[in-house]
Amino acid sequence: MSFLRPSIWRSSPMQMVQLFVQIEAAHDTVDELGKLGLIQFLDDNEHVNLFQRNFVNEVKRCDDMEKKLKFFEDQVKKEPKLQKLLPDNMLSVVDDDSQMDELEGRFDELESELKQVNANQETLQRNYNELIQLRHVLTKDSVFFQENPNLIEGEGHEHSARSPLLAEDQHVSEVAKQGVKLGFITGVMNTDKMPQFQRSLWRTTRGNNYVKDARIEEEIIDPQTGEETAKTVFIVFFQGERLQQKIKKICESFGANIYDCPDNSFERSNLLQKVTVRITDLYEVLQRSKDHKRQTLAGIVPRLYSWKKKVLLEKSIYHTMNLFDYDVGRKCLIAKGWTPKDKIEEIQLALRTATTRSGALVPSVLSIIKTEGSPPTHFETNKYTSSFQEIVNAYGIAHYREVNPAVLTIVTFPFLFGVMFGDVGHGALLLLSALGLISLEKKLAGKKLNELIQMPFDGRYVLFLMSLFSIYVGFIYNECFSIPMNIFGSQYNLNSTTGLYTYQHTDRVYPVGVDPLWKGAPNELVYYNSFKMKLSIIFGVVQMSVGICFSLLNYLNQKGPIKIVNILTQFVPQMIFLWSIFGYMSVLIILKWVVPYRSFEVDKVDPPFILPTIIAMFLSPGGTPDVVFFSGQGAVQTALLFLALISIPVMLVIKPLFMKRFHFQEVERKKLGHHEEEHDDEALYTGHHGEEFEMGEVFVHQVIHTIEFVLGAVSNTASYLRLWALSLAHSELSSVFWERILIGQVERGNPFLAFVGFGAWLGASVAVLLLMESLSAFLHALRLHWVEFQNKFYIGDGVRFIPYSATRILSEDDE
């Protein structure tokens, strides 16, 4: 398994390689290397404008083809039945063997045909819409004129232009009885514009108009967007030519379609019959046009994604070739890139395959070159370890050959989550969720998922381990939905005389975790708080100590005398400082646990307190402790305090002095011409290769680093108390939900209330504990690893290894 390989502890050893590829074999060579995904090419033309590179025309050509494919895909997605036939991703489609010239010609033909069909269909749809709207205008107007026959057929009468044509209290029938002949404009507009349209008419005509409207029941299809639009028929009555021109302009500004409607009922009836016949004929033509378009798109669908895959890979190949240097004399391309050392043979095999495939007479050549640049960082992961590696990478990419925190994170991250979320019941529900995601792995892998589903699916194995550790720690806490599990039988008996619980066997305890009798005891919180708080301190000291040990592994990987200096002036004093104070406190905690200071015998004494002991260690060094854990405690505490204090100047002063000495020795070697390679490595690490050595800058940096560690040792240890705080919050919330929501309803004896209470309890547990509380525990575990653990050793200033890979390119495009 990959997590047992050395490449997961440290990044894979990388090698800079140089490729000499004949121009006729370049395309096939890049294609074969893309299938491997083992080389990260460098840009040898970074000072050349993108539009002046050798293969820019080929890239533009691929861009044009991609635009046409995007046009085809948009047309297909407008047809729901055809859209269902599209594959989920391009990785699963079969490669297309067609040549680019052939595809380009095919795309031009299809694009021209589809655009012509769309133009014809848009014209037909617009004409069809016009006829549909005219039919509704004739129908609605006929109904209105039948209700008011005298409105446009009466004799003209004088009417003041200064007063409204229709006052608010004057109905249209009254106007008809007066025999006033009015002009009218009728048309159709979007329904959502009608209120504003009517207000504009009223203000412009000063009320000298009358508007009648009716909603068209069927939806009108917009010929440009293809979406259905709600339309309304309107008719505006007015008096005078000047108002007619104003009303027409308002109608045009609102995008209304105006129709000439005869004022004679016989003419309206004849026109309606003609329009109905034309609608029937045009509908048949429109359907044939749509069928032709569907047939054209149906021929595109099976090959669309294979075409997209072909064009996308071709574009990536030419884009990669633009990174290469072109040797005009040799007519070859020269490429540089990083690759893992153990993969060079696979690359050479791919080069030979590409040479044979292209028919080139001169084989491609791979040469290994040396460089002072820092290589990219590459860790070999699988689907199980990749999620944990991404957790680390989110903080920062490891420096080249730096110890990888993900090795320990695979275990410690879910474990610390379990410490905060420890509950057998909730952990089991979380486990079911994780197993469900894992079981759907093959079905969901590679598909486009909702963001809320994608995140837990990507972290399904992290979720799986978190649930297992939650169950494990839940057994330690002896909590299942906040209630204890008396699996092995309590070790306490109730003494009927004293009314107190006593041990059945003084030489034996509850086999696994906390005795169930502690749950519900008067001093339950006191006991659990003490246990979890001390446990948090121990976990914190141990994890920070492992972090300092990881820094030792980083120092051992260095070359030259700086290795010994870092070990003696960084690792040793840091470990001494941490364990002289907080390590000693952890030892006292364990000592207090294992030593039977108090029993139910009269002659036993109360256990000593740890906090006053640590405070007295600093305030009264060398004095006799008031609280004694063991003989010779005063001398031990004095020695530990001395070691902690002396370690600070060791971290602060000694390393800058050694670095200054190494710098002068390096200068002398350069003068004598004996500058060895390991000193290049040393200078690379110290950051002063080819730079003037500044003692003040180095000393200030060391002061900052020392202060950060000393203060961080205190604050980081206190930060681990969040393990206790979140565990307490989870336990108390779970207990409240159980007792108040579920048990409170069950005790009422009403089955319906019990059912409702169970539903409310389950909903609250899922929403608050499984979602909100688990997210909170996840974020706190993330903080403990990124800050408290990784700042002891992790530089995190590396560069990710991103090789040219066809699989990665296709996957990113699918996203």
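Residue numbering: from 1, along the chain as shown.
Glycine residues also receive a Cβ, built from the backbone N, Cα and C atoms like all the rest.
Annotation comment: Swiss-Prot describes 1-402 (among others) as topological domain 'Cytoplasmic'.
What Swiss-Prot records for 441-454 (among others) is topological domain 'Cytoplasmic', and it gives sequence analysis as the kind of evidence.
Under the heading topological domain 'Vacuolar', Swiss-Prot lists 485-530 (among others), citing sequence analysis as support.
If you look up Swiss-Prot, you'll see 551-571 (among others) marked as topological domain 'Cytoplasmic', on the strength of sequence analysis.
Across the topological domain 'Vacuolar' (593-639), the prediction's mean pLDDT works out to 77. Under the heading topological domain 'Vacuolar', Swiss-Prot lists 593-639 (among others).
According to Swiss-Prot, the topological domain 'Cytoplasmic' annotation covers 660-706 (among others), on the basis of sequence analysis.
Residues or ranges marked as topological domain 'Vacuolar' in Swiss-Prot: 732-749 (among others). Taking DSSP states H, G and I as helix and E and B as strand, the topological domain 'Vacuolar' (732-749) has 15 helix, 0 strand, 3 coil.
Across the topological domain 'Cytoplasmic' (789-815), DSSP helix (H, G, I), strand (E, B) and coil residues number 13 helix, 1 strand, 13 coil. The topological domain 'Cytoplasmic' annotation in Swiss-Prot covers 789-815 (among others), and the record cites sequence analysis as its basis.
Within the same chain, residues 3, 8-11, 379, 385, 388-389, 391-392, 427, 430, 462, 465-466, 468-474, 535-536, 539, 543, 546, 550, 553-554, 557, 722-723, 726-727, 730, 773-774, 777-778, 780-782, 784-785, 789-790, 793-794 sit at least 6 positions outside the transmembrane segment (403-421) and bring their C-beta atoms closer than 8 Å to a C-beta of that stretch. The transmembrane segment feature in Swiss-Prot is assigned to 403-421 (among others); the stated evidence is sequence analysis.
Per Swiss-Prot, transmembrane segment is recorded for 424-440 (among others).
Listed by sequence, the residues of this chain that lie at least six past the ends of the transmembrane segment (455-484) yet keep a Cβ under 8 A from its Cβ atoms are 383-384, 387-388, 390-391, 410, 413-415, 417-419, 421-428, 430-431, 433-435, 437-438, 440-441, 444, 449, 510, 512-520, 528, 727, 731, 734-735, 737-738, 765, 774, 778. Annotation comment: Swiss-Prot describes 455-484 (among others) as transmembrane segment, evidence class sequence analysis.
Annotated transmembrane segment per Swiss-Prot: 531-550 (among others), in sequence order, evidence recorded as sequence analysis. Long-range neighbours of the transmembrane segment (531-550) within the same chain, counting only residues 6 or more positions beyond its ends whose Cβ lies under 8 Å from a Cβ of the stretch, are 403, 405, 408, 412, 416, 419, 514, 571, 574-575, 578-579, 582-583, 585-586, 589-590, 593, 713, 716-717, 719-724, 727-728, 784, 788-794.
Annotated transmembrane segment per Swiss-Prot: 572-592 (among others), in sequence order. Outside the transmembrane segment (572-592), and at least 6 residues removed from its termini, the chain residues within Cβ reach (under 8 Å) are 534, 537-538, 540-542, 544-545, 548-549, 551, 607-608, 610, 613-614, 629-630, 637, 640-641, 643-644, 647-648, 650-651, 709-710, 713, 717, 792.
Under the heading transmembrane segment, Swiss-Prot lists 640-659 (among others).
Under the heading transmembrane segment, Swiss-Prot lists 707-731 (among others). When Cβ-Cβ distances below 8 Å are used as the criterion, the transmembrane segment (707-731) is approached by residues 416, 419-423, 426, 477, 479, 482, 528-529, 532-533, 535-537, 539-541, 543-544, 574, 577-578, 581-582, 648, 651, 769, 773, 776-777, 780, 783-784, 787-788, 791 of the same chain, each at least six residues removed from its ends.
For 750-788 (among others), the entry in Swiss-Prot reads transmembrane segment, with the evidence type sequence analysis. If one looks beyond the transmembrane segment (750-788) by at least 6 residues along the same chain, the residues whose Cβ comes under 8 Å of a Cβ in the stretch are 391-392, 395, 405, 409, 412-413, 416-417, 420-421, 426, 429-430, 433, 466, 481, 540, 543-544, 716, 719-720, 722-723, 726, 729-730, 733-734, 737-738, 741-742, 744.
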The topological domain 'Cytoplasmic' (441-454), counted residue by residue under DSSP: helix, strand, coil: 8 helix, 0 strand, 6 coil
Spatial neighbours of the topological domain 'Cytoplasmic' (789-815) not adjacent in sequence (6+ beyond its ends, CB under 8 Å) are 11-12, 14, 30-31, 33-41, 88-91, 308-309, 312-313, 316, 320, 338-339, 374, 376-378, 392-393, 395-400, 402-403, 405, 408, 412, 446, 448, 543-544, 546-548, 550-551, 553-554, 574, 708, 712, 716
What parts of the chain pack near the topological domain 'Vacuolar' (732-749), using Cβ distances under 8 Å and only residues at least 6 beyond its ends? 423, 426, 479, 481-483, 756-758, 760-761, 764-765, 768-769, 773
